[in-house]
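Taken verbatim from Swiss-Prot:
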type	residues	note
DOMAIN	10-205	domain 'tr-type G'
BINDING	19-26, 81-85, 136-139	GTP binding site
REGION	19-26	region 'G1'
BINDING	Thr26	Mg(2+) binding site
REGION	60-64	region 'G2'
REGION	81-84	region 'G3'
REGION	136-139	region 'G4'
Amino acid sequence: MAKLDFDRSKEHVNIGTIGHVDHGKTTLTAAIATVLSKKGLAEAKDYASIDAAPEEKARGITINTAHIEYETEKRHYAHVDCPGHADYVKNMITGAAQMDGGILVVSATDGPMPQTREHILLSKQVGVPKMVVFLNKVDMLEGEDEMIELVELEIRSLLSEYGFDGDKTPIIKGSALKALEGNPQYEKNIEELMDAVDNYIETPVKELDKPFLLAVEDVFTITGRGTVATGKVERGQLNINSEVEIVGFTEKPKKTTVTGIEMFRKNLKEAQAGDNAGLLLRGVDRNDVERGQVLAKPGSIVPHSKFEAAIYALKKEEGGRHTPFFSNYKPQFYFRTTDVTGGVVFPAGREMVMPGDNVDLVVELISPIAVEEGTKFSIREGGRTVGAGSVTKILK
């Protein structure tokens, strides 16, 4: 099949399937692609091609993720599906595949299970704003409407418990397998599901519209002109002669003006999200800015040293530690471009973290750096990644 041209006229949204093992996430992903392919909006995919998810690396961690894309009449979607539970946890915590919304898949025959709860909690912690529910396998409960209603109530109360709007969340009933097999009644449910995703999950704020932030990777001096900081623009855009703050490692950010912007040795009028750019900073000494700091729109981000985080400790087979760690553990926390040493405090009643655990804890860094809720980091020992984390709440 010829490659579809990327159509920028449609809004782009990133979504993913989440839910308990064997509740039908991958079958649903295949069903969505297959049903939409009949309208020429996607390439049909079978279960096996999605299930054979390729490995990718994010923050030094290997994750298996399948990425597929499709369109509805309204939008263009990038959809991520992970084969294993640990892949979900790693994916969410590293932010490898950003999710603007989730499709929570729950089997009507089982109802919510432990990983259903875990994925809802994790989605809340890493900032997935909304989800739509697909109640799968209802074909196995024909005539048992009361049972289906009970499961639906259970899902709504679970969503509310974790801070989602359980009452307003759309719940679509269907059978992913029957839709994949071409049953017209169940294909219609997939169309209903995508209508709900189109209408209930909001279009995210474009990276360009967010406040400017560049993570400093390198600093050098140009004789007679001043100090240049280079790095990747994470978000927003910046015009020449704009003010920025140098944030991180000091209690108070330092303000400066950008007098020149360079990319690939060419002068630019502006830098925007995704660019690798060099910014010439007025009146800044080479020692005033270093790798690991950020240049940001004044007032948009402040340095912090203490926060709550959701973390995943890698298993031994994943290159992680061979032994648990305890509450006096002091690894390096790698944010954007640099390592900062810090300590961890466990929640009450927890004595240790085993390789493979997913846990919430408090981190206190030895020097403040630019972080906000949702900032991702790696946990490292001597340059080796042993875990990943996401900031869930700022404390200091």
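Numbers run from 1 along the shown chain.
Heads up, the Cβ atoms here are built off N, Cα and C, so glycines get one too.
Annotated features taken from Swiss-Prot, shown on the structure.
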{"residue": "Gly19", "record": "GTP binding site", "contacts (Cβ under 8 Å, 6+ apart)": "Lys25, Leu104, Val105, Val106, Gln115, Thr116, His119"}
{"residue": "Asp22", "record": "GTP binding site", "contacts (Cβ under 8 Å, 6+ apart)": "Ser107"}
{"residue": "Thr26", "record": "Mg(2+) binding site", "contacts (Cβ under 8 Å, 6+ apart)": "Thr17, Tyr47, Ile50, Asp51, Ala66, Asp81, Pro83"}
{"residue": "Cys82", "record": "GTP binding site", "contacts (Cβ under 8 Å, 6+ apart)": "Gly16, Ala53, Ile63, Asn64, Thr65, Ala66, Tyr88, Asn91"}
{"residue": "His85", "record": "GTP binding site", "contacts (Cβ under 8 Å, 6+ apart)": "Val21, Gln115, Glu118"}
{"residue": "Val138", "record": "GTP binding site", "contacts (Cβ under 8 Å, 6+ apart)": "Ala108, Ile148, Lys173, Gly174, Ser175"}
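When Cβ atoms from all protein chains are considered, those within 10 Å of Lys25 (GTP binding site) total 26, not counting its own. Residues of the region 'G2' (60-64) grouped by DSSP class, helix first, strand second and coil last, total 0 helix, 4 strand, 1 coil.
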